[in-house]
Structure formats: structure tokens, C-alpha cells
């Protein structure tokens, strides 16, 4: 620290410790007033890419076809079989109660769907009202058979064992939400392309604020709805095994788990840290001062985020625990340095000891913080909004941690006085001394081990995958896991995917006119015994009088269009990772079966015109937009089989549609949660490469400024490369996927490793200046700064190991990988880094230790 700068620091902080501490506490109190507004965000915006055209297209599809948001309630009776009347009555009562919950538009269950084969109806019956399971006189056994075998109901209404059914509660379409997000995104697009006028900038601010407020209120309503349904389900649990599933349920449970981890495990980590600090330092002041520093830092930054309504997401929720790590590390370094100075200079007064502590630690701590900030700032180059937010939050938090640590720890020490001196010799010194001895005598083995670990890490990284499953976020014994598993395996899959197909453009219409078909001499002639005039009476004659184009306005309601859809759907159905698939094909299959033959174009057109409203709304409207002749295939992917590779599945379907079905590339597009989540996952590889590249370039520049030596900078960065490789390689070897949570672990590893490297190199250089002996400098560096690194590492590893008990698997991974990162950084700084220094001699020639008088 420059003398002039320290003079100012001394005047403000060390000479007025009470004032400095009171100012920090007042700031913390002001920031704490905003904490009641603290919010977690697990909305779609927080789980998708920053600029994703597929997200906009998904919203367009929702506006065209209606709400795609749903909840599924599974029902398996506790006694008897599902089709017993008392169980059906219970199911009916549950359905009725669900409809009373605000926000539920409709509930589709096996009680409501029209029966077509119980008994088998004529095709003419499609024009009228059809029986349901609750109709009088319905054969339940026939209905069960239909549910198990019908192309419409199979794998979606009833499980294969016939004893589990699902009710789909469709939620109201939120027009206000779609309008606000559309207006906001339009202005954002204009801003990113042509720029905004002053008035448009104000409009963007206003609509963004309005949308955020509305989304917050909507999230609260959605969360309460899930809670209401769960409360309702509890009233029926004595009669059946019931699970709840759906996107809103996943969102609600993710927030619940994150909040639980922040409170329960946050408290557990705090207890571990207190115990570890007490065990290490054996002085109350050296436990209380770090805890006060950490608490003040967290309160100030979280309060600030709450005041400006910057919400934590699934990813940035880890920000709290990471900031705790970094703040704690800063305080430990200051305390260890103070104790070392006190041990070496027992006669010095407290002000001098604290001043020397600050002067000696200011530069390494500053550069440690700056390089760690570089590591986390690199995340802003990602295209994933929560990752970007996480990078900025960590940048602000780390900066604050440096300021608070250099106020509270020195000011607190000045106020508390020297106190009794305690020896630095403890188990940690023996531990670090063994690493120094190992490095001195087995340097070659250390280098070979590092190379082997690098090779193994490279192999592991090659196995790293971005594919993961929502269900894997939860332990197998949790209710959410069991519910998702039941829906996935018994009721047609979990993750929705829509395939939107535009009709091809022809020079001539598919059907020139009705007379052409009347004169066609083929197997489907209208003179056939099964012709529609026999089945529909005068309907064919009436329709024939209309403009023929009205019968042929939809390509997808022609034999050619339905053949295309059927070919594509057959391929999709054959994929092992695909559950239920729905489209117009099911209606066509039923019509053929009821007619006992294929239908020609005119017959298909007549059938379309004559369908009852009930059949049309259930079997046509969700899969055809007649105004623009657009067909939709809906499917749900299965996550439990372990075969789901989203990108591969999308590519397979896309290529088959183009190459085998003959659909033009511009006429087919995918949308839905599966697509949006896949886009985010595929961006992770790019983000990981870009962010790691930015991290190491930025840190290399910082090292060059700090050490003013290319050789030392390379030496410093190599152990960080290895540590990051070990963590990522371990993920690949043990099958831990790269997802939104684990993408940040590389930056975390580098941030921690940089802390170790800077402190060790700074101390090694100081020790080397005493006698120009590398071995001696290494032993002294291990005995001094090595203890601080050891204390920091074991404190954090012990504290974060408790996250392994979390029910939220990403939190488990975060705790274990953070511990691994700390261990890799510690071992790298204690073995590989000193060995690289010894063999490269970056500080000058080595001077052997001169034997003392009398030694031979």
C-alpha cells in the first residue's frame, strides 16, 4: 500500500475505529430494511437464453392455439380397482374440486372424454353427442379396453396396468402477460437494432417495470395455486395415491428447495464455520470478527439487491454461499498475518501490528479480489441471463467484501487490543511442513502426478455432457420425483415438444372441384357401398353445392397431408425417448377404423365439416390452425429412461421430416419447453469455452501487472488450469452434467485457485529476498501463508460438505464441487506451484544455504 494511501486509511479507519464500524453498521441497517422485498425468481425468463427467437415463437404458438400451461394430477386408488364405482365417484369429486380453484380453465380426465369404441360407433355418430364413462349404461370394461388401446387415449388417460389415471388441468391463458412481454421484447429488439428515441426509452423502462411487477404477482398466484391443489390432494390421500406434476409445480418446488437450502443449510454451514474457526484460532475474537464481517457483507449486498429488485435465480442463489467463502478467506488471511506479526514482534503495540498487517496484505488481497472479479465478470459474456446476473452479483459482492474486511477486521483488532499471545505452532504447521518436505524430495513425482491428472482431466472433459433431466434435480425419495416419474412412465412423458408445420404451396388446389371426385373411378368412388351419402344422408349433396374450395382449403385435411403427418408421427412414435404423440393422425385413424377403409379427399373434407363441436375442439382444434393451414404435432419426451438427448432427438426428427417426408426446411419448426431448455443447454458448451477463455486471458493480464514477469505469470496460472481441469474432468468421469448450476463451478475454481496462487507467490517472493534460497523460502512460505491457505480450505470444505444432505441435487453438486475446487487449489498451491517455482527459478539464481561455523 502506498504511504499516502495508508496515511489516509490510518486516519479514517485505524485512528477512528468506532466511527468506521458505526458507519458500516448504519449502512447495513439501511440495506436490511429492503430485505423483506428479497425475492427468488424461477420463471421462464430466468431459465432461458437472453436472446432466443424460439422463446418468442413459443409465445406466438401459445397465442394461436391457447394455453399450453397445465398441471397433471395422477390418481391410483388405495382400495379396489380404478373402475369401481366408488373410486370413479372419488375421481369425479376431485375433478369437481379442482375446477373450483381459481385459474384452472378446464380439467380433462377419463370421466370426460368421448367414448368411440364402448361400444364401437358408426362414423356418422361423430356428428352428434357421444357417451362418456359417466353416461348411463356404459360398459366399463369396454371403456377400459378403449383407454388402453385407442390411438387417442393410449398412454395418456390410463397407465398400462389399468390402475393409474391422470387428470390434466389446463390453466387460463394469461393474455396480459403475453401482451406485456411482447411489448417489452419489441422495444428491446428495436433498441438492439435501430436504437430507441428518448420517448421509447421511457416506454421500455415503464413496460419493463410493469411486466416485472405483473410477473411477480403472477408467480405468487401460481405458487398459491400449487399450494391450494396440494392442500386439496391431502383430503383425498386416504382414498388414493395422488401426485401432482407440471411446469408450475416444478417452479414452485425449486423455489421451495432453494429457500430451504439457504436457510437450513446456510445455518448449518455457519455452525460448521464457527466450530472450525474456534478449533483453528482458539480465540473468541478470531471467531466473532470474521462472522461479523461475513454477516455485514451479506446483509448489505442482499439488502441492496432487494432495494433495486434484482432477484436471485436458481443459479445466482449460490451467490450467497460463494460470497461467504470469499469474505471468510479475506478475513482469515488478515488474521493469520496479524498473528504471525504478533508472534515475531511481541513487543510491538497493537496499532503498529494492525498497520503492518494492512500494509503487507493490501496488495495481495487487492489483486486476489481483482483477479477473482475477472473470473466472475467473464460470465457476463454468456448468453444466459441468470449466468450473466450471477457474474455481476459476484463482482459487486467481492468488491464489497474487500472493503468490509479491511474495515471491520483492522478496526475491531484496534478496539480489542493485543490480548494474550498464542503460539502459531499447531497441527496445521506440521501439515503444511509435510507438503514442503514432499515438494523438496519428490518434486519429479509431483510433476508426473500433475501431468497424469491433466491427462485424466482431459479424458473426463471429453466425456462431459450438457444433457440433464429435470427429474434429476431431486432425490428419488421426494414426492416431486415420484410424481414426475409416475407421469413420465405411466402417462405419456413429461417434457412437452410442439412441431409446427406449414402446408406446402401448390400451383393447383388439392381438389379442383367436387365433380372431379365424383367422376373418379377408384376404390373410394362415391358409388361405393360405403360412400358417405349412405352414411351421412343428404349431407354430401348439401356440401357438394358449396364452393368446392371450402372442402379443400386445408392441405392437412387431405389424404396427402394426413399421409405426411402419419409418416412423421410413426417415426416419432418409434423413438424410445418419446412418450405420447398427438396430432390429426389420431382422428384420421379412428375415421378409417370406423369406416373399415381408407377415405378419399372428399370424404375427409366432408367428415371435417360434419364433426360435432365436442370432437372438433378435442381432436382438431389443438392440432390445426385452419386460417393459415398450419398443423401441430404435440409430444411429450420421457426423462426417466436415461436415453433423452434433446439435441439429437430434435435433429433426428428434423432430418427425417425433410429427407423422408419431404417437408421443406422453412415449413417446419420446433417449439415448447424441450426446445427452450435445449437451447440453453447447447449454449452452455459455448459459454463454458468463452468464459474460461476470458477468465484465463483476464487473469494472465492481472498476473503480468502484479508480478511484471511472463515466467511468473505462467507459473501462477498453470495450477489454476489444472484445478479447473480436475473439477470439470471429475464431472465428466462421474457423469455430472454441465447445466445452469455447474457451469459456474469453473469460474469458482479459478477464483479460489487465484487467491491461493497470489498469496503464495507474494509470500514466497518476500521469503526468497531474505536469503535467495528457493528451498528455504518454500519451507518458510509453507509455514506462514501455507497456514492461511490451509485454514481457509478446511473451513470451507467442512462447511460446504453439509450441502451433500440437501434434497435439491444441484445444491449437492455445488457443495461437493466447491469442496473439490478448494482441495485442488490447496494441493496445487502446496505442491505443484512451489515445484514449478523451484525448477524454473523465476526470482533469480539460487544461493545455497551457507553452513554455520563449526558445521562440516
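Every residue, even glycine, has its Cβ placed from backbone N, Cα and C.
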What range among 222-244, 314-336, 337-359, 475-497 does TrEMBL describe as transmembrane segment?
314-336
Any idea which of 202-221, 262-281, 502-521 is down as transmembrane segment in TrEMBL?
262-281
Where TrEMBL places transmembrane segment among the ranges 689-707, 765-783:
689-707
Would you mind listing the long-range same-chain contacts of the transmembrane segment (437-461), meaning Cβ under 8 Å and 6+ residues beyond its ends?
722, 725-726, 728-733, 775, 778-779, 830-832, 834-835, 838-839
On the 0 to 100 pLDDT scale, where does the domain 'SSD' (712-839) sit on average?
86
Which residues of the same chain, at least 6 past either end of the transmembrane segment (740-761), have a Cβ under 8 Å from a Cβ in it?
47, 314-315, 318, 322, 325-326, 329, 333, 364, 367-368, 371-372, 375-376, 378-379, 382, 384, 386-387, 390-391, 680, 684, 687-688, 691-692, 695-696, 699, 706-707, 712, 715-717, 719-720, 723-724, 727-728, 731, 781, 785-786, 788-789, 792, 810, 813-814, 817-818, 821-822, 824-826, 828-829, 833-834, 837
Going through 262-281, 365-384, 390-416, 714-734, 788-806 one by one, which has the most CB pairs that fall under 8 Å from the transmembrane segment (288-308)?
390-416
Considering only Cβ pairs under 8 Å, which range in 262-281, 365-384, 714-734, 788-806, 812-833 makes the most contacts with the transmembrane segment (314-336)?
788-806
With Cβ-Cβ distances below 8 Å as the criterion, list the same-chain residues six or more beyond the ends of the transmembrane segment (689-707) that contact it, or say none.
363, 367, 370-371, 374-375, 377-379, 381-382, 713, 716-717, 720-721, 724, 743, 746-747, 750, 754, 758, 761
I'd like the per-state residue tally for the domain 'SSD' (712-839) from DSSP, helix first, then strand, then coil.
114 helix, 1 strand, 13 coil
